[in-house]
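*Asks:* Sharing a structure, written as structure tokens. Questions coming.
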Amino acid sequence: MNMIRTAMLLAFMTALFMAVGYLIGGSGGMMIALVIAAAMNLFSYWNADKMVLRMHHAVEVDERSAPEYYRIVSDLAQRAGLPMPRVYVIDNPQPNAFATGRNPQNAAVAATTGLLHSLTPEEVAGVMAHELAHVQNRDTLTMTITATLAGAISMLGNFAFFFGGNRDNNNPFGFIGILVAMIVAPLAAMVVQMAISRTREYAADRRGAEICGQPLWLASALAKISRAAHRVVNVDAERNPATAHLFIINPLSGQRMDNLFSTHPNTENRIAALQAMAGEFGNAPPASLREDEPGADGPWGRSASRARKGPWS
């Protein structure tokens, strides 16, 4: 079923790409857009994960360079029955994380230094379990390719302003078509990202909680990350907004207008769902859910030794 949804999504994004090409250059522009979209779909399948990691300046780590973080991911991957993914760190003060890769055998997870410094080991485990749930649900291919195509569609809409005004370009709609391409194309791509991310985040939250066995670890992490995302601007995400839906929390929340078209479900609703799930597990709320300030620092923080210890500490 996931493969069918992915195929339908790629078909829609390709059709949107062709529609923008038609608005810019008529039937000739549409055919050129089709060729470009087909090439991008093929290229994205093999390279989108590398492109996204490069956009955010992710650096691969191992058990020597980041022992506790790496061990958390390794233990969770074993619990989920997944191959060990490649593990990356992003030097960014905003706490956040994402997963990418075309399949579980070629998956990668990435966490920011802000996340590793500000979250407890248990909360980091909750976040990484969520990302591994995306890998297990095979969301990563769809989400990564969508990020690449959405960025291309937005760029094509911008090109319309510069190249669409030529009278010889066979544009049947004239300047009106150019305006439509500039405005509607990026919005349509954003709506697709919203539809993908909002439904899959809830599923990944639930499966991630099952993997780590503690729904409130993830709930506590979401509360901390959401608060910080409104205060700390993620510069790389602002430069590449098409990748926003990959992250566990919208990285664009530091800007005032970004919540208007948020790619993520409401954080409070996600936390409430996890708390309800914790009721089934018989868990008690951790302190960080009841306080405004973050708790003990995480695997790379100075006070990690004072944090409540769990299986991955």
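Numbers run from 1 along the shown chain.
For all residues, glycine too, the Cβ spot is worked out from N, Cα and C.
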*Asks:* For the Zn(2+) site that Swiss-Prot assigns to HIS130, HIS134, which of GLU63, GLU68, GLU201 is also named?
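*Replies:* Looking through GLU63, GLU68, GLU201, the residue Swiss-Prot assigns to the Zn(2+) site is GLU201.
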*Asks:* Measuring CB to CB from HIS134 (Zn(2+) binding site), give everything in the same chain under 8 Å that is also at least six residues away in sequence.
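*Replies:* Correct list: ALA99, THR140, MET143, ARG200, ALA204.
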*Asks:* An 8 Å radius from the center of the HIS130, HIS134, GLU201 Cβ atoms defines the neighbourhood of the Zn(2+) site; name the other residues of that chain inside it, in order.
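*Replies:* For the Zn(2+) site, the extra neighbours are ALA99, GLU131, ALA133, ASP139, ARG200, ALA203, ALA204, ASP205, ARG207, GLY208, ILE248.
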*Asks:* Among the recorded positions listed here, GLU131, GLU201, which has the most company in the form of other Cβ atoms within 10 Å of its Cβ?
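*Replies:* Answer by Cβ density within 10 Å: GLU131.
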*Asks:* To the nearest whole angstrom, state the Cα distance for the pair GLU131 (active site) and GLU201 (Zn(2+) binding site).
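*Replies:* That separation, Cα to Cα, works out to 10 Å.
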*Asks:* Would you mind listing, in sequence order, the residues at least six apart from HIS130 (Zn(2+) binding site) in the same chain with a Cβ closer than 8 Å to its Cβ?
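*Replies:* Those within reach of HIS130 (Zn(2+) binding site), by Cβ under 8 Å and sequence separation of 6 or more, are ALA97, ALA204, ASP205, GLY208, LEU218, ILE248.
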